[in-house]
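**Student:** Sharing the features that Swiss-Prot gives for it:
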type	residues	note
BINDING	Cys7, Cys10, Cys33, Cys37	Zn(2+) binding site
ZN_FING	7-37	zinc finger
Amino acid sequence: MPTTRQCSFCGHEIPPGTGLMYVRNDGTMLWFCSSKCRKSMLKYHRDPKKYKWTTRYMKVR
């Protein structure tokens with residue numbers, strides 16, 4: 001049975017058969033639910049805690 005993965009950037013669950021797997025040079029695997037998450041992490045180096053649409057969002061006092 002296929003397993004659901006969790007997006008490495010936003011934290012949302014990825015249904016089986018969708019998403020993108022990115023493998024770094026050191027062998028770690030990153031799973032992304034959309035190109036928005038992939039670009040935010042790899043291209044723009046954004047912090048997921050600062051964006052409300054992620055599950056890792058934390059309000060800063």
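Placement of Cβ uses the backbone N, Cα and C atoms for every residue, glycine included.
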**Student:** Going along the chain, which residues six or more apart from Cys33 (Zn(2+) binding site) have their CB under 8 A from its CB?
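**Tutor:** Expected: Cys7, Cys10, His12, Ile14, Thr18, Gly19.
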**Student:** Per DSSP, what is the residue count of the zinc finger (7-37) in each of helix, strand and coil?
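**Tutor:** Tallying H, G and I as helix, E and B as strand, the rest coil: 3 helix, 10 strand, 18 coil.
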**Student:** Taking every residue in the zinc finger (7-37), what is their average pLDDT?
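**Tutor:** When the pLDDT values over the zinc finger (7-37) are averaged, the result is 97.
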**Student:** For Zn(2+), what surrounds Cys7, Cys10, Cys33, Cys37 with a Cβ no more than 8 Å from their Cβ centroid?
**Tutor:** Ser8, Phe9, Gly11, His12, Ile14, Gly19, Trp31, Phe32, Ser34, Lys36, Thr54
**Student:** Around Cys7 (Zn(2+) binding site), how many other CB atoms lie within 10 A of its CB?
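**Tutor:** For Cys7 (Zn(2+) binding site), the count of other Cβ atoms within 10 Å is 23.
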**Student:** Quick one: of Cys10, Cys37, which of the binding-site residues has the smallest count of other CB atoms within 10 A?
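**Tutor:** Minimum Cβ neighbour count within 10 Å, taken over the binding-site residues Cys10, Cys37, occurs at Cys10.
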